[in-house]
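Worksheet: one structure, shown below.
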């Protein structure tokens, strides 16, 4: 990839505009989860160290374009950054017609989604943003799959467009996992529906040595194998699709293993009583919420021998502890594996946090939709823009 990296540039005295993903949960004016902010700090600090006048922009939530709404203000993010950075940080509400930015300070632009034309990648808006800087830095992998004014258009018109350390790190890790992986390459895809992950499953089934499915997705594969799934969440209209994917895997010398034992309950609730059953013994009034110990041990063995592991989605309803043992065992197996491992997606990161394996996963992706689209083999608009500007 012919992408310019921010780390390679002389930024002394330059006006540097960094697009970060600072879309964090806020409650009563306080940031309640700072993972994305912590991920963005190294890039902001590097620009400061290089002597730049630093401007930062991001979206937060889904406000109505053209309307200021304090609920979606980046003020809580500015408050956080003020404590995290040893320099002045201020919020600029009106910046499109010019903003004063000095070397050694950070100016955070108010929510880019307050600007009319942001989501539609309006060219006039993109040009206004580009006119504010000498160097545009795209560092928000979490929004790299969206062609919007602040993630794509601005980069086409800025004097220089480059990737920040976070984005560059994401692309390097994903490239290592998908483009030239140490084999065997094992992918775990969980989640509730086959339909939302169908293109991911399709794409991965052609390149991985072993595809593992979990969650509601696995229920559809269990049904496709001819087993009763009771009242479990599954997609009857995609059973043929599941059979085809399984056949594809077998034609490549692999398979998509169906659980041999499952954990069921009669209701979906935090207090539901969990019962362990063989996969062929699920009754009509039961729901499958996790894989059983035999199945999780079999998967752990697969992971033990992997060269590369890509994890997207839990294998059970791990939010309830009685249905979390499968995901917990998978997490432990990934932590113990010598394979290069990459985890991505909101539920996956929640599981990584819950089971305390963050420092044992080789790379944790900050992208949700962007992570999935990369796995699907789709071109990410922001990355394509950076490649075009790097030539």
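In case you wondered, yes, glycine gets a Cβ from its N, Cα and C as well.
Per Swiss-Prot, the features are as follows:
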BINDING   21, 22, 23, 36, 59, 60, 61, 62, 113, 146  substrate binding site
BINDING   197, 319, 345, 346, 347, 348  ATP binding site
Minimum Cα separation from residue 21 (substrate binding site), reported as the residue among binding-site residues 345, 347, 348 that achieves it: 345
Residue among the binding-site residues 21, 347 whose Cβ has the most other Cβ atoms within 10 Å: 21
Per DSSP, three-state class assigned to residue 23 (substrate binding site): coil
Secondary structure at residue 347 (ATP binding site), reduced by DSSP to three states: helix
Rounded inter-Cα distance in Å - residue 347 (ATP binding site), residue 61 (substrate binding site): 18
From binding-site residues 23, 59, 61, 113, the one whose Cα lies nearest residue 346 (ATP binding site): 23
Between residue 345 (ATP binding site) and residue 23 (substrate binding site): CA-CA distance (Å): 15
Binding-site residues (61, 345, 346), the one with most neighbouring Cβ atoms at 10 Å: 345
Nearest of the binding-site residues (197, 319, 345, 348) to residue 113 (substrate binding site) - Cα to Cα: 345
Maximal Cα-Cα distance (Å) across residues annotated as binding ATP, namely 197, 319, 345, 346, 347, 348: 21
Fewest-neighbour residue among binding-site residues, criterion Cβ within 10 Å, set 23, 348: 23
Alpha-carbon distance [residue 59 (substrate binding site); residue 197 (ATP binding site)] in Å: 26
Distance from residue 59 (substrate binding site) back to residue 345 (ATP binding site), taken between C-alpha atoms, in Å: 19
DSSP-derived class (H/G/I helix, E/B strand, else coil) of residue 319 (ATP binding site): coil
Residue among binding-site residues 59, 113 with least C-beta crowding, 10 angstrom cut-off: 113
